[in-house]
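The Mn(2+) 1 binding site annotation in Swiss-Prot covers ASP117, GLY118. Per Swiss-Prot, the feature Mn(2+) 2 binding site maps to ASP117, ASP298, ASP343. If you look up Swiss-Prot, you'll see 74-352 marked as domain 'PPM-type phosphatase'.
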Amino acid sequence: MSMAEVCCDSAVVVGAEAEARARARAGRRRRAGVEGAGRWNATATAAGVAAEEAATRKRRASGGEAGLVVVAKRHGAASVAGRRREMEDAVSLREAFAAPANGEVAAARCDFYGVFDGHGCSHVADACRERMHELVAEEMGAGSPAAAAREPASWTETMERSFARMDAEVIAGCRAESGSCRCEGQKCDHVGSTAVVAVVEESRVVVANCGDSRAVLCRGGAPVQLSSDHKPDRPDELERIEAAGGRVIFWEGARVLGVLAMSRSIGDAYLKPYVTAVPEVTVTGRSDFDECLILASDGLWDVVSNEAACEVAQSCLRRGRQRWCAEAAAVLTKLALARRSSDNISVVVVDLRRGNAL
């Protein structure tokens, strides 16, 4: 039995009994005066968006220290603040997100998943969680036959428009809320978020990425990276930044103007045009060898390779449990913590096996 398989036995705590244990542990820490000591508490939720939102509210109410595990038939997610004081990540899990509002049956079902890694404050990531899927659905022409037959070039345009609208919304919101938000910086426009989103259809997976969160497809036991990290020292990104009049300064790694460690993001109005919200988009056909899709923030990818992440997911899959996606997500967060990741860690695992994912 591999280490990953052993971890699966203890990584995920599900049900009322686990929730009671988590509450008891939190109470003991409060009485001992060590609240916020950074231990990982997982609170399981029921499947669906309502469960996700309830668990997120509970995590935020506890000051961002508690972990979040979401269990559903087609996907699982885990999110933990880790060694950070605040939780600034957000995840979005929206099944059949493009269903027509009038109750008609959509031409083809598709699901939406996203990971948003905020910086400076959580409100941009939170806004992306609440709105990005709606904007993508609107730009798709929700449920129309044209959406089902969309070509790769059209998908690129769809995602670019969606990200541009999301960027404009959060910048306008930041200006309106400036001075009333608990941001790290003096100004609300110093806040932003990465965005890696996936639209999963019956025949393909569409990924749009802006920042250094990442999407990896596990296919036949091997990883296929579906997005490219936007780092300031990536040659093409460095050229783009300098052409716009900006600079990349190496201070604890490559940073735009010595500040931001990514070259694309939602928000960050004070760094435009050097930091752009234009996503890179990939359209990948699904195959019978596909196992799962992993979306995660750099809190995972900084310390766990694509290969290791797929190995963990496969180990959980081989156990044959219905909740294996949630197990894999939780094991990956625990692995990142064990390897001393210094950031928030959020992981979404989507079942892509034929007959299971859709």
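Yeah, the Cβs are placed from backbone N, Cα and C, and that goes for glycine too.
Within 10 Å of its Cβ, the residue among the binding-site residues ASP298, ASP343 with the fewest other Cβ atoms is ASP343.
According to DSSP, ASP117 (Mn(2+) 1 binding site) is assigned to a strand segment. ASP343 (Mn(2+) 2 binding site) falls outside any helix or strand according to DSSP and counts as coil.
Confidence over the domain 'PPM-type phosphatase' (74-352), given as mean pLDDT on the 0 to 100 scale, stands at 91. One way to see the shell of the Mn(2+) 2 site is to take the Cβ centroid of ASP117, ASP298, ASP343; the remaining same-chain residues with a Cβ within 8 Å of it are ASP89, THR194, ASP212, SER213, SER297, GLY299, LEU300, TRP301, ASP302, ASN344, ILE345, SER346.
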